[in-house]
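Undergrad: Got a structure here, written out as structure tokens. Questions coming.
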Ligand code: SR1
Ligand code: MG
């Protein structure tokens with residue numbers, strides 16, 4: 001696992017990506033390799049490189065200096081590739097089975113070479129097909145519990161924690177979240193996108209000062225509450241899964257933020273998938289409850305076994321932190337549900353509902369529940385998500 005700095009940034013092509021992995025010694029110079037650009041996200045190039053004879057394969061991911069989804073008019077810092085590579089290595093130190101292995105990173109080229117996970121499916125795609133991934137919440141709850149505790153002030157020395165906060169400073173990507181998740185959907189802004197039929201519901205949201213105040217408070221907490229290293233974009237499109245394995249990818253939005261943010265985004269995306277289904281919703285609601293239970297149990301066990309904070313002997317501190325974490329997660333889930341319905345970046349779970357009438361109804365319900373979550377952060381327990389749809 002190495003990191004280098006080359007002279008000059010340039011976007012890779014399929015040919016130069018092959019040259020790079022051969023130069024790194026990850027394949028022999030004589031091997032016949034095939035490369036394909038498979039990036040379907042909003043921001044990066046992703047090359048899948050394979051030797052068709054041996055089936056050995058690898059992923060080369062490169063950040064572009066702008067947001068691919070909009071074009072060169074939206075410049076973005078390349079440093080996000082280094083943040084992503086550092087975060088993957090950091091997560092891998094605590095939960096190696098839940099992230100891809102990183103083989104190489106180049107800061108200037110903004111390139112990371114990593115394990116190919118194409119034997120797995122992006123969980124959003126699988127969930128849309130009706131999969132339920134029985135181990136998904138066990139794995140994600142454990143991932144979040146480990147990362148939350150082990151990168152927090154309760155595990156790190158105070159000076160080390162502050163250095164980590166600086167290392168993961170990620171202003172451009174935080175700004176995307178501050179705008180797209182917390183601000184734009186709550187105002188009449190050009191980048192929002194929604195069906196004409198939803199306009200009355202959206203205008204009601206824009207005129208709801210109480211909901212907007214909660215969004216503003218959560219945005220402020222997101223920007224200022226450096227509790228732990230968060231993934232920063234933990235939706236179901238950032239998770240590969242099968243019936244046995246789960247792998248978290250794409251932490252380019254990682255930075256030091258609130259304990260509840262990743263939890264809220266993950267829960268929101270499970271909920272949106274449940275909302276898109278006509279049947280078999282139960283596994284999604286069970287995942288929401290189990291994610292929280294596993295998170296809480298993992299965090300609590302580490303609190304008791306590894307805490308370096310003298311005040312941590314008082315159990316009330318743990319209780320307060322966990323209670324606040326869940327309440328924040330409910331609020332963040334509300335923001336995520338709203339922005340995935342009417343903001344710039346939608347989710348296929350809702351957009352691909354084939355009946356127009358059912359799609360509009362589902363989106364209307366999403367807006368209603370998103371608002372409810374923002375207004376009732378203190379009242380919604382994990383197993384109540386199920387009842388919100390009744
Ligand atoms: C311009 S980026 C749009 C969205 O894609 C990413 O995955 C994040 O969710 C971001 O909000
Ligand atoms: Mg992503």
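Placed from the backbone N, Cα and C atoms, the Cβ positions cover glycine too.
Pulled the feature table from TrEMBL, pasting it below:
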- 35-269: domain 'Aminoglycoside phosphotransferase' (DOMAIN)
- 44, 61, 115, 116, 117, 250, 251, 252: ATP binding site (BINDING)
- 233, 339: substrate binding site (BINDING)
Undergrad: Please check the binding-site residues 44, 115, 116, 339 against ligand 1 and give me the ones with CB under 6 A, sequence order.
TA: none
Undergrad: In the structure shown, which of the binding-site residues 115, 250 has the fewest other Cβ atoms within 10 Å?
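TA: Fewest other Cβ atoms within 10 Å, among the binding-site residues 115, 250, is found for 115.
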Undergrad: Any idea what the Cα distance is from residue 117 (ATP binding site) over to residue 233 (substrate binding site), rounded to a whole Å?
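TA: Cα-Cα, rounded: 19 Å.
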Undergrad: By the DSSP assignment reduced to helix, strand and coil, which category contains residue 252 (ATP binding site)?
TA: helix
Undergrad: If you measure every Cα to Cα distance among 44, 61, 115, 116, 117, 250, 251, 252, the residues said to bind ATP, what is the biggest one in Å?
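TA: Spelled out: the longest distance between any two Cα atoms in 44, 61, 115, 116, 117, 250, 251, 252 is 18 Å.
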Undergrad: With every protein chain in view, how many other Cβ atoms are within 10 Å of the Cβ of residue 117 (ATP binding site)?
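TA: For residue 117 (ATP binding site), the count of other Cβ atoms within 10 Å is 19.
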Undergrad: Work out how many Å separate residue 115 (ATP binding site) and residue 233 (substrate binding site) at their Cα atoms, rounded off.
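TA: Spelling it out, the Cα of residue 115 (ATP binding site) and the Cα of residue 233 (substrate binding site) are 20 Å apart.
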Undergrad: Taking the Cβ of residue 61 (ATP binding site) as centre, how many other Cβ atoms lie within 10 Å?
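TA: That number is 25.
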Undergrad: Taking the Cβ of residue 339 (substrate binding site) as centre, how many other Cβ atoms lie within 10 Å?
TA: 26
Undergrad: Just checking: which of the binding-site residues 44, 115, 116, 117, 251, 339 have a C-beta under 6 Å from ligand 2?
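TA: Checked binding-site residues vs ligand 2; nothing flagged, none.
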Undergrad: Specify the count of other C-beta atoms within 10 Å of the C-beta of residue 252 (ATP binding site).
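TA: Residue 252 (ATP binding site): 28 neighbouring Cβ atoms within 10 Å.
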